[in-house]
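Annotated in Swiss-Prot:
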type: REGION; residues: 459-474; note: region 'CTP-binding'
type: TOPO_DOM; residues: 1-13; note: topological domain 'Lumenal'
type: TOPO_DOM; residues: 35-74; note: topological domain 'Cytoplasmic'
type: TOPO_DOM; residues: 96-111; note: topological domain 'Lumenal'
type: TOPO_DOM; residues: 156-163; note: topological domain 'Lumenal'
type: TOPO_DOM; residues: 185-188; note: topological domain 'Cytoplasmic'
type: TOPO_DOM; residues: 210-224; note: topological domain 'Lumenal'
type: TOPO_DOM; residues: 246-254; note: topological domain 'Cytoplasmic'
type: TOPO_DOM; residues: 276-297; note: topological domain 'Lumenal'
type: TOPO_DOM; residues: 319-337; note: topological domain 'Cytoplasmic'
type: TOPO_DOM; residues: 355-359; note: topological domain 'Lumenal'
type: TOPO_DOM; residues: 381-401; note: topological domain 'Cytoplasmic'
type: TOPO_DOM; residues: 423-436; note: topological domain 'Lumenal'
type: TOPO_DOM; residues: 458-472; note: topological domain 'Cytoplasmic'
type: TOPO_DOM; residues: 517-538; note: topological domain 'Cytoplasmic'
type: TRANSMEM; residues: 14-34; note: transmembrane segment
type: TRANSMEM; residues: 75-95; note: transmembrane segment
type: TRANSMEM; residues: 135-155; note: transmembrane segment
type: TRANSMEM; residues: 164-184; note: transmembrane segment
type: TRANSMEM; residues: 189-209; note: transmembrane segment
type: TRANSMEM; residues: 225-245; note: transmembrane segment
type: TRANSMEM; residues: 255-275; note: transmembrane segment
type: TRANSMEM; residues: 298-318; note: transmembrane segment
type: TRANSMEM; residues: 338-354; note: transmembrane segment
type: TRANSMEM; residues: 360-380; note: transmembrane segment
type: TRANSMEM; residues: 437-457; note: transmembrane segment
type: TRANSMEM; residues: 496-516; note: transmembrane segment
Amino acid sequence: MTRECPSPAPGPGAPLSGSVLAEAAVVFAVVLSIHATVWDRYSWCAVALAVQAFYVQYKWDRLLQQGSAVFQFRMSANSGLLPASMVMPLLGLVMKERCQTAGNPFFERFGIVVAATGMAVALFSSVLALGITRPVPTNTCVILGLAGGVIIYIMKHSLSVGEVIEVLEVLLIFVYLNMILLYLLPRCFTPGEALLVLGGISFVLNQLIKRSLTLVESQGDPVDFFLLVVVVGMVLMGIFFSTLFVFMDSGTWASSIFFHLMTCVLSLGVVLPWLHRLIRRNPLLWLLQFLFQTDTRIYLLAYWSLLATLACLVVLYQNAKRSSSESKKHQAPTIARKYFHLIVVATYIPGIIFDRPLLYVAATVCLAVFIFLEYVRYFRIKPLGHTLRSFLSLFLDERDSGPLILTHIYLLLGMSLPIWLIPRPCTQKGSLGGARALVPYAGVLAVGVGDTVASIFGSTMGEIRWPGTKKTFEGTMTSIFAQIISVALILIFDSGVDLNYSYAWILGSISTVSLLEAYTTQIDNLLLPLYLLILLMA
């Protein structure tokens, strides 16, 4: 979600070299900060990866402007290759560093594999761009070759044979998912967003297969298995129905009944047995026992149900306003769309403070519900398909240019990923010290508070625009200030947070991510929490 001055946007092919350079400068600042903190051969690989991604990004941008890319990408943004390429490698580096400090060699190696996998899929995206660019850019190829050679050489001497095979497995899955999903979902992603989303899905799928084949009794937390199975199950379900409805009219009652029946068959016949094998107990009974285990969980579930009802009422109210409006193209204003950010903040903060495992599972269930409802809307499944199309069209923006509406799913992911990605085995009593204690709040701070306040103040009072963008200086400054106030409130209400005088790093992290929000054209609901998570965990 973005904040804008009331001025016309540049066309999709308009060059935004100033904003792209500023975005790159912010990303390089993050990379160098992590490099200075970690300072090992893997962080040097991250620097080399960032340099080649910076040069290749311009080739992707030219391909998008000329319409020469292999697939149809979202045209209202630049390629976003540089910021997306660095997320998985940097995340792996900070995870490795934290687990090394905690004396957990297994998850230290896991962090290295995450970093190596992120570098592999990023290099593949760069090679793809140069392979379809005509004439072949010799200088950029040399830079890519040098950076890739350094990374491959270091990883060859750092990874075991099994780890190399794991990286190659993820890369293979990533290639196939790119070919399938980018064909089925034109204009839903930029190259960078595809790299980030499909790379993450590929890694999750490979982890699930690996853990299913090497299962050991009592190994792993059931909530982790629950997340893996739900994500993979929903993706495979979407691919199955997309292929099926190529040959069927999805809008008929017969197809709708078949959709619901097949959903039940896949859930009861594939997903639940798969989860049962992993957790060694009845998944439904485990979930019910988990959700209603304590009085605190019952109170939180009741509170969240009220907030969900409130969100539905907001949607109904905005659609009622559209029905009474003379314009058929009435769109919800920026402030109305930010209501959902405030509702999500009110949802996540009590969960983080009182019961993070419950929030972990509840966010997973909510993700499955959101994706399922998007399938119903996309395939026009009766009886809710057309209703959802009408209701959700009110909240579209320029980033929902493809057949899928992903903004609300990205918002949920941005808030949930800091909860899901905490390396719990490498923490003391489930929390980290210093600035790292704010890691679970990264989504709340970056998107729930920062982006919301920036949008409201930037669109209503903003006058001074950042060069090359529609974002405003006033919006960014109020965003930083609001996040600082939020950190102070977290210190007051969450007794488990001890910042240990790391205030300068927190301020720098918040300011850096706010500047990234000002210049990026990617999905900030997803990108900003990940960068704030990386900086806070470093």
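Cβ atoms are placed via backbone N, Cα and C, with glycine included.
Taking Cβ pairs closer than 8 Å, the topological domain 'Cytoplasmic' (185-188) reaches residues 71-75, 401-404, 406 in its own chain, all 6 or more past its ends. The transmembrane segment (14-34) makes no contact with the transmembrane segment (338-354), as judged by fewer than three Cβ pairs under 8 Å among residues 6 or more apart in sequence. Residues of the same chain lying 6 or more positions beyond the ends of the transmembrane segment (255-275) and with a Cβ under 8 Å from any Cβ of it are 212, 225-226, 229-230, 233, 236-237, 240-241, 244-245, 248-249, 283-284, 372, 379, 381-383, 385. If you average pLDDT over the topological domain 'Lumenal' (1-13) in this model, you get 40. Remote same-chain partners of the topological domain 'Lumenal' (96-111), defined as residues 6 or more beyond its termini with a Cβ less than 8 Å from a stretch Cβ, comprise 37-38, 42, 163, 423, 425-428, 432, 436, 537-538.
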